[in-house]
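Take a look at the structure below.
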Amino acid sequence: MQDYKQPLRIGVGGPVGSGKTALLEVLCKTLRDTYQIAVVTNDIYTQEDAKILTQAEALAADRIIGVETGGCPHTAIREDASMNLAAVEELAQRHKNLDVVFVESGGDNLSATFSPELADLTIYVIDVAEGEKIPRKGGPGITKSDLLIINKIDLAPYVGASLEVMESDTARMRPTRPYVFANLKEGVGLDKIIEFIVDRGMLDAK
């Protein structure tokens, strides 16, 4: 019989540079005093994102595992999630009362999805700098993730993107699913993201 808790597993995906690691840093720093948190990061040949989170002091180093996927990072979160599942298990055994493990995918495209075996909830991050067309391009990350975050809204005027157009496209592409417009650098939208995690993840409100 296992002597540790099964944590809520939240997959965090999105293209390179969209703000996945920034999201994890701010979530860890905000939630770590209330909940027991750990993180698994995926990089192709390095443990760069794990190092970034450790250096930012988002969590203690023993709460972060960096998985080096080699080859295609999508496979490690979908078809063969064994390395990630093993990392989640290791963290759960190491910290027996974990509430949440975030699993950050390697930089992926709009078609990447998490295996249901690996993630109980999925958050997908895109950013305004990629252009206002991104939501209407669709793909499972846009249409099927449990929460979509449109990050870096402060850049809209500089890249000629209309947030109104992005919002109407997003609402059309995922009519029944939630989304948040955010500027994670400044903490804009963070309260809604945390509310989603606590409510949908059925975490005990503390």
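Cβ coordinates are placed from backbone N, Cα and C, and glycine is handled just like the others.
Note that the structure is predicted; figures quoted are calculated from it, not measured.
According to Swiss-Prot, the protein carries these features:
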| type | residues | note |
| --- | --- | --- |
| BINDING | Gly14, Pro15, Val16, Gly17, Ser18, Gly19, Lys20, Thr21 | GTP binding site |
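Positions of the features from Swiss-Prot, shown on the structure.
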residue : record           : Cβ within 10 Å
Gly14   : GTP binding site : 27
Pro15   : GTP binding site : 19
Val16   : GTP binding site : 9
Gly17   : GTP binding site : 15
Ser18   : GTP binding site : 26
Gly19   : GTP binding site : 24
Lys20   : GTP binding site : 28
Thr21   : GTP binding site : 22
